[in-house]
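The signal peptide annotation in TrEMBL covers 1-20. Residues or ranges marked as Mg(2+) binding site by TrEMBL: D62, H173, S175, E401. Sequence annotations record features per position, and here TrEMBL assigns Zn(2+) binding site to D62, D406, H410, D447, H448, H522. Residues annotated as active site, phosphoserine intermediate in TrEMBL: S112.
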Amino acid sequence: MQGAWVLLLLLGLGLRLSLGVIPVEEEDPAFWNRQAAQALDAAKKLQPIQTAAKNLIIFLGDGMGVSTVTATRILKGQMSGKPGPETPLVMDQFPYLALSKTYNVDKHVPDSAGTATAYLCGVKGNMKTIGVSAAARYNQCNTTRGNEVTSVMNRAKKAGKSVGIVTTTRVQHASPAGTYAHTVNRNWYSDADLSADAKTQGCQDIATQLINNMDIDVILGGGRKYMWGWKSVGIVTTTRVQHASPAGTYAHTVNRNWYSDADLSADAKTQGCQDIATQLINNMDIDVILGGGRKYMFPEGTPDPEYPQDDSRNGVRKDKRNLVQEWQAKHQGAQYVWNRTALMQASNDSSVTHLMGLFEPADMKYEVQRDFTKDPSLAEMTEAALRLLSRNPRGFYLFVEGGRIDHGHHENVAYRALTEAIEFDNAIDKTSQLTSENDTLTLVTADHSHVFTYGGYPLRGSSVVGLADGKASDGKSYTSVLYGNGPGYQLSGGARPDVDKSESRDPTYRQQAAVPLSSETHGGEDVAVFARGPQAHLVHGVQEQSFVAHVMAFAACIEPYTDCSLPTPASPTAAVQTPASPTAAAHPGPAVCPPSLALLGGALLLLPALH
């Protein structure tokens, strides 16, 4: 059977990529008139869902600007055997859309920390700070107290909902940390990251805040080494769970890089600032935490369970605290896992009430590098989170981040960024199958964009990451996707190097950039917000990024909108059922073809058309 799939992919993709593709039906005006009439009819029938939302889900594509959405749409369409641009993403099919202005209070072009504070807490902040207002200053621990702001996830938990975070970064990273942490330095992942001042002033690292700040029901992601040393809430991310975006749900910090106590400055420690990993455990009772970031949770020198011979992946905490054990001690039904098999088993166990899954010492692997036997996909983590969170009759709040879209762009490796975005859309698809828009408000957005462009007049059906149709004015080939700056800048003998087929078809190829930088920068343009479910119609026009958090709070009638007077939903989402067999549990959801063959299809798409 698998051999047949390979043959079909080779024949179909090889033929299609050798020619430009113009579907015959598109030459007939009736095709476009009929398509527009159908879209118009659907728009006329669209009715707002005016009830309250029982469940809240926010999908955050880190760095997923509009150009990334477009290129992802084409690549995903081509992977399914179509020319590309005509095939909608799952997020494209959400009925309501707005643009979000992403600037930080102090920067035109933002980072993931300040933006996390905006879309998760409803208040704009400064660059590199998390969960604090703009009155707090980067890296100044003593400006934290009194300037903390509260995330929607925290308010959902107070309202009796279960909560969770899921990320492909470390769970202490800027985005997930925005749900639970308050820090003036986004890099204070563990106490090892705290400055002397921060320790003196009593600042906490982000990992500590993850454990202390909120009771999170499900925690899934990376970043495990930073951990060694009523409504349900959850976080899912492919970055470390202490990263800027997921940290926005729970942390308060003026430095997004205080992942653990090892990152805190002396002043930060003196002033009592906490690293992000500590806040993850302390700030909120988070039911589900899934992602990366193991090393920030364990004492310095603790061997990693997956890489015991690699000292660079050991725990980094200098305060000797084991934050995972501290978290487990808080809940009789708490379970910690670090691989895919254990995740599937735990999520199907009705006795598990709180789940933490940390699948890498720092960020999780890129989707194209993922070990399918050991590492869960973003879609699988999201389903596991929903299985636990949906048991709460009062509803849940879930933050899901495709965090490594951003990392692929920073490296100028477009294929990595776009395949991460495809898996992000797959997670949205899985969620759409498991929830109902009658009672679940789902938002999909980005924190910022990148200086990533798609142009060059490529032929219809040609690989989105292949060569453009024609030569540049220097007589050399160039790719359709390029970057405004980054490590892709290179000169050979004072001139731009030519790009040949072997380079452009390589999944690790670094696209050329106009300005030399060690890491490509974010872009400053607006990003899209897609919405579906109760009160989704409020997502409209061009809004401040902080508006996103207020839409979610109002839709669920939680602080500060407890007097919203919205009726309860008529057809609530049922609890996600446990699969009937171990096979179904190990491979949730139907598969059209094996994942390895989908990746093969993606690799074949790197072959540039007509070159």
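In case you wondered, yes, glycine gets a Cβ from its N, Cα and C as well.
Structural mapping of features recorded in TrEMBL.
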{"residue": "D62", "record": "Mg(2+) binding site", "Cβ contacts under 8 Å, 6 or more apart": "S112, T169, S175, T239, S245, E401, G402, G403, R404, I405, D406, A446, D447"}
{"residue": "H173", "record": "Mg(2+) binding site", "Cβ contacts under 8 Å, 6 or more apart": "S112, T167, G223, T237, T239, R240, V241, Q242, H243, A244, S245, P246, A247, Y259, G291, G293, D363, G403"}
{"residue": "H410", "record": "Zn(2+) binding site", "Cβ contacts under 8 Å, 6 or more apart": "G63, H450, G486, S519, E520"}
{"residue": "H448", "record": "Zn(2+) binding site", "Cβ contacts under 8 Å, 6 or more apart": "G63, G65, T102, V109, P110, D111, S112, T115, H522, G523, G524, V527"}
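Between the recorded positions S112, S175, E401, D406, D447, E401 has the most other Cβ atoms inside 10 Å of its own Cβ, all protein chains included. Reduced to three states, the DSSP call for H448 (Zn(2+) binding site) is coil. Around the Cβ of H522 (Zn(2+) binding site), the number of neighbouring Cβ atoms within 10 Å comes to 23.
Excluding D62, H173, S175, E401, which define the Mg(2+) site, the same chain contributes L60, S112, A116, T167, T168, T169, A174, P176, T237, T239, H243, A244, S245, P246, G402, G403, D406, D447 within 8 Å (Cβ to the Cβ centroid), listed in sequence order. Annotation note: H522 (Zn(2+) binding site) sits in a strand segment as assigned by DSSP.
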